[in-house]
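Taken verbatim from Swiss-Prot:
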type	residues	note
SITE	2	site 'Important for the neurotoxic activity'
DISULFID	3-17	disulfide bond
SITE	8	site 'Critical for the neurotoxic activity'
SITE	9	site 'Critical for the neurotoxic activity'
DISULFID	10-22	disulfide bond
SITE	13	site 'Critical for the neurotoxic activity'
DISULFID	13-14	disulfide bond
SITE	14	site 'Critical for the neurotoxic activity'
DISULFID	16-32	disulfide bond
SITE	29	site 'Important for the neurotoxic activity'
SITE	31	site 'Critical for the neurotoxic activity'
């Protein structure tokens with residue numbers, strides 16, 4: 001299974017990798033970012 005790594009744009013094909021979540025950025029693009037502890 002392919003997942004989207006941290007600091008990469010969220011992709012419909014590939015969920016964010018474990019430990020990261022899709023977060024909307026100020027430029028309107030959503031990126032997978034590391035979860036905050």
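Cβ atoms are placed via backbone N, Cα and C, with glycine included.
Structure with Swiss-Prot features highlighted.
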residue	record	DSSP (3 states)
2	site 'Important for the neurotoxic activity'	coil
8	site 'Critical for the neurotoxic activity'	coil
14	disulfide bond	coil
22	disulfide bond	strand
29	site 'Important for the neurotoxic activity'	coil
Minimum Cα separation from residue 17 (disulfide bond), reported as the residue among recorded positions 10, 29, 31, 32 that achieves it:
32
Taking the Cβ of residue 16 (disulfide bond) as the centre, count every other Cβ atom within 10 Å, in any protein chain shown.
22
Near residue 32 (disulfide bond), which recorded positions out of 2, 8, 9, 13, 22 have their CA within 10 Å?
8, 9, 22
Rounded Cα separation (Å) that holds between residue 9 (site 'Critical for the neurotoxic activity') and residue 31 (site 'Critical for the neurotoxic activity')
4
